[in-house]
Structures are given as C-alpha cells and as structure tokens.
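Below is one structure, written out as structure tokens; comments come after it.
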Amino acid sequence: MDEPISSAERYPAKYWHWLNDGRIQCGLCPRDCKLHEGQRGACFVRGRLDDEMVLTTYGRSSGFCVDPIEKKPLNHFYPGSSVLSFGTAGCNLACKFCQNWDISKSRSFDKLADQASPEAIAQTAERLGCKSVAFTYNDPVIFAEYAMDVADACHERSIKTVAVTAGYIHAEPRRDFFAKMDAANVDLKAFTEEFYVKQTGSRLQPVLQTLKYLKHETQVWLELTTLLIPGLNDSTEELQALCEWVARELGVEVPIHFTAFHPDYKMTEISSTPVRTLIRARNIAHMAGLKYVYTGNVHNEEGDITFCPSCSVPLIERDWYEIAQYRLTSHGHCPDCDTAIVGRFGEYAETFGRRRIPVTIGG
Ligand code: SF4
C-alpha cells in the first residue's frame, strides 16, 4: 500500500486537471495518472492531497556531488568543466535495468538527506566554481517545479543548467521545463515500442517527439545516450534503425553515446555489455553518417575521442572523464582545417579532471 502523503511534504504541483468522474489527472508525463484523494502517481513523488496535485520532493535531495561534465555524459558542453549534480527520489519510468535504482525506486524518504533551496544550490555551485548544475540520478521531469526554480536561481548567477532525462514528458510542461535548460542528455533507451513497454513501462513515440522538439524548437544543447543491453536492444537492425532515425530527424551532428550495461536491479541474469558490441554500435552510427559517436562505461580509447568530422584528426582526447588533450581553437574550430565543431565551448578546456566530490548544502 502507498505511503500516505503528509501535509508537511506538500508543494503545489502544476500540470493537472479534473476528470468528470471526480478523479484528478496528472498532465506532466504520458503515464497520465488518474488519482483519487490520497493516492500517489506511478512516480511515487506526486500525488493528490486535499483535492490538488502536490509534489512531495520540492527542496529535498538525495545528495549532491561535483562531477566532471563528461560523466553526464556531455562531451560537447564546456569540456573539462565541473557540474554540481543532484537528484531527488522516484521516477516516472520503471526500467528493469535501472542503474540508479536505490534512488529512483526509493519509496521512503530516508534517501532524501539534504534540504536545499534553489538559492542555496546556485550559491554552492558558484562557490565551488561549477560551470553548471545538473538534474540527474533520477528523472528531473518528476520534480519539474523544483528543477525550474533551481534553474532560475542558477541563471541569475550565470550558472548553466543540465537535464539528464528520458524525455518522457507532455508537450506543455516540456516547453516550460526545457525553456530553463541549457543542455540535455536524453536517454534513447531502444528503438522499439516493445522494449519501451516491456522493459521501461513507457512508450517510445513521446520520447521521439521530445527529441525532435529539443532539436528543432529550442536552443538546448542536445546529446543522446543509449545503454546497450545484450540481446534486448543491441541487434544490428535495431541500431541501424535508431541511427538512421537520428540522422534523418535530428541531423548527423547530434552526439550520441553508446554505454555499457551492468547487471542491476531486476535485470541480474544478463551479463555486462562486451566492448565489441559498443564498437559495433559505433561503426553502425558512422555508417549512418553520424559524426560524433562515443562509447561509455568501458575503456575504449577511440570511443572517448572527438575527431574532426572533416579531416579526422583527434581534437579532444579523454582518459575516462578527464581531458587528456584539447586542440580546439578558442572559437571551437579544428586548428588544422578550420571546421566548426558543434557544441558549447569556452575559450579553453577546463581542467576539473575525473574527481567526484560529495558536497553538503545547507538551507
Ligand atoms: S509525473 Fe508522476 S504522477 Fe504525473 S503522470 Fe507521470 S508518473 Fe503519474
């Protein structure tokens, strides 16, 4: 049975409406939860209390860390910079292979150790010299009101904002939410409805709509990630279809990261993704014309490098999450052939390195 919602955790939620049968429908994500009084939605952190929708995790975090931006992963967004990262609890998807399940599937708020106001988060990011703040670990769609307020506080201090998300969100909140984001890494978890329905409890088409929206109707810097799970979403045919769709609908310059699965949560019977699968995926993406293709969660030197798409020289070399060599000009061009590399680049690469620093935030 659901844990009751206490009035101490209520924060008025946006995006909901009444139904004729007396229930309230949440309008934030395509799960379209329809709730009686006292019920929580599928994400667990939004629910109906005293005849309105409430968000129960506003101002409450599962912890803060300073990470390299490459870890989100974003390889074309201020390389080498540090990002203050946090999440809350719950998730609107139900991925059997969740790699952060202790946070996303948390049904008790003992995981939410840190209280943090938007202003305190922005101040901390500034004090620690972070270029950006990332909403990550669990999907920020479900704590949209909190993430948007944090984003406003960050922008007042010239701190950038990053959403790491599955992109499962309805059109109206999508417009509001991404208007506050400078960059997004969106999980494109597979390229079949069957995988999305069976393995994640969601659907593929709304995610594709979000990707097209981000690419064509916003200025948000976009990169994609696909976690390859042996036997479930790594066939050559599916990867070809995925890459060809990206090339056709989003363009060949959108960076994509193929990352390795490790057995976790409800998917412990499948073994880790071999490096050769990631290399095969990368080759397929190149064949489809994609220009910036990376591998992640494994050590694969070539898959860590940003190559010039015109003259093929290595431009940004990485050793795991650390910049090993940076050759872009101050304008973000290849120094050899002057091709412009897509992304958001400062005059120089920053040098945060591969550290991961836990941080406590007061207020
Ligand atoms: S955000 Fe949560 S409550 Fe709203 S529709 Fe999605 S899963 Fe349901």
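Positions of Cβ are set from backbone N, Cα and C atoms, glycine also.
Features as listed in TrEMBL:
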- 76-291: domain 'Radical SAM core' (DOMAIN)
- Cys91, Cys95, Cys98: [4Fe-4S] cluster binding site (BINDING)
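Counting neighbouring Cβ atoms within 10 Å of each of the binding-site residues (Cys91, Cys98), the lowest count belongs to Cys98. Looking only at the domain 'Radical SAM core' (76-291), the predicted model's pLDDT averages out at 93.
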